[in-house]
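For reference, TrEMBL has these:
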type     : residues : note
ACT_SITE : E212     : active site, proton donor
ACT_SITE : D357     : active site
ACT_SITE : E461     : active site, proton donor
ACT_SITE : E480     : active site
BINDING  : T566     : Ca(2+) binding site
Amino acid sequence: MQWRSIVVGLVVLRLSLSCVLWLAFGLGPNVSWGFNFHLSFNLHKLDLLFREEKGTEPKGNSWSQRLHGQRYEETATTCAKVGQESPKRSYLSFFDGNKDEYVRRYSSFPDTLKVKMKDMAKEMFYFGYDNYMKYAFPEDELNPIDCEGRGPDVLNPSNININDVLGNYSLTLIDTLDTLLVLGNVTEFHRAVKLVIDTVSFDKDSTVQVFEANIRILGSLISAHILLTDPKHPFGKVGFEGYDNELLHLAHDLAVRLLPAFENTSTGIPYPRVNLKNGVPPDSINETCTAGAGSLLVEFGILSRLIGDSTFEWVARRAVRALWNLRSNETGLLGNVVNIQTGQWVGKQSGLGAGMDSFYEYLLKSYILFGEKEDYRMFQAAYDSIQNHLRRGRESCNEGEGDPPLYVNVNMFSGEIMNTWIDSLQAFFPGLQVLNGDVDNAICLHAFYYAIWKRFGALPERYNWQLQAPDVLFYPLRPELVESTYLLYQATKNPFYLHVGMDILQSLEKNAKVRCGYATLHHVVDKSKEDRMESFFLSETCKYLYLLFDEDNPLHKSDNKYIFTTEGHVVPIDKRFREKQWNDLFPCEEGALAEREPNARPPPSNISNCDRIPEERRYALPLKSVYMRQIDHMVGLF
């Protein structure tokens, strides 16, 4: 019987040690199969079931209670006797570690290294662009592994992953036009513009997504036209003799072909797809996502003001208003999928990623461009609802106890968490927060996404913060994290963000470069690849990486301000866009909107907030070391 006593004693000792660790540091027994799956998940699932029965949703500063059950609260009672003699310690003390590790790594960035990274970003762009022109043009995309061109999947019209984007109109060339100017290559910019004028037509039997055609094609044509014709923009006089507004005419032609999407809908919310030659397909579905229907206002609005025709801005603004009027009366949130005929929400998830992202982005950017107060009032109300219902974690990014801020997916009506994943598109949001002046929250959310990147060398399409593992494993070379990194660097000038950009550059070189370009990662863990290089890799990812390291770029030296569209196209902030040749499109409804938002703050006179970070913090770490270590731990880096 002695051996049984020994075994029982060892078990008791093991449990006692676990309780002590759990109480002191928020740690428990841990087993891992490549990812950090904690034993306490079973407690968590029971806790979720219990809450569902009671109809309650946990609030407070610890979203990781969903990761570890009642990790901090429960242990205070379960193991209270064990810890009675010890002074109470913050669980954050576990992350103190060697604080100098982060300071040494991130607090400086030599100018010589900055030049090297700028050259590396330029070489990355030209490796993709030159091979597209050599092997793929005039087709839409480059298959970088096989060194071939790719167009619409005509044999399989239901392949919307391809056909929503590719319209047989030299997509990559058009999408890349202004990037050539950003890199200072006026000669190639002129050649590319002339190729577009001479070879591109939209009179095609192609069914494309309205949203994708708008942001990738229409937006680029408008941007390039403005840069060609307006000598006040940051790049100066880059027009050429004989240019007769052909890009603007092409943009107008495309927009006219997209207009049938707005016809025959009971709500004014557009159909998701049109055939460029025949209009809305007879078998078109009546469901669309919020971002797809509500992210047309920037491009359509600029076009209307350039040509003096209100039609395009009118239909885009009507769609935004229709979506806005369908938001929940309880939470102020919108869903992610809506029926365009009934106005009923088909998808009730409210988040910041796929299906929602650019809707919020364009409310703010429309105000910046056009000065319409209603756009800012909608954005401000939406942002308040996001902060109230989607944001979890401690109140302050850089102070206090609890988990780092995180924005979760919730039910639009109840505000209850619907799932435990976030997607890579949400990485755009810190950049939008910078434009809105909420730099502290931007710093924290960006740090979370950067930690995921450090772990995998890419951003998985979906990351499960409960399981600390990817839910959807591919990475199509998306730009959102790079965009937010660039905007945070512009706002703070903190060298930390140069290190982030260098990590991203080196990861792409190591993991995505293939024979003729850069390939989509099929699996962020094993780094297997798919033979596709989407146009936004050249239009956005490479552009933001280059600008991050190019302090002397004309965009940064010009007295004239500008913004980027959701596809990364450069658009000057011009008083022309704040002038209309028509009366208010919705003269009565603006007053109604003001009545529904009685506490609405007046829009700021200057939306630029880059000076709000105190000078003493500009060259310290943007996030304290203890919080950086905490985030790294929460994504499984140690």
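Using the three backbone atoms N, Cα and C, a Cβ is placed for every residue, glycine included.
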Whole-number Å value for how far E461 (active site, proton donor) lies from E480 (active site) (Cα to Cα): 12
Proximal residue to E212 (active site, proton donor) among recorded positions D357, E461, T566 (C-alpha distance): T566
Separation of alpha carbons, D357 (active site) and T566 (Ca(2+) binding site) (Å): 10
Rounded to the nearest Å - Cα separation of D357 (active site) and E461 (active site, proton donor): 14
Sequence-distant neighbours of E461 (active site, proton donor) in its chain (C-beta under 8 A, six or more apart): D423, S424, P470, V472, L473, F474, Y475, P476
D357 (active site) CB neighbourhood, other CB atoms within 10 A: 25
Residue, out of the active-site residues E212, E480, whose Cβ gathers the largest set of other Cβ atoms within 10 Å: E480
Local Cβ density at the residue listed as 'Ca(2+) binding site' - other Cβ atoms counted within 10 Å: 25
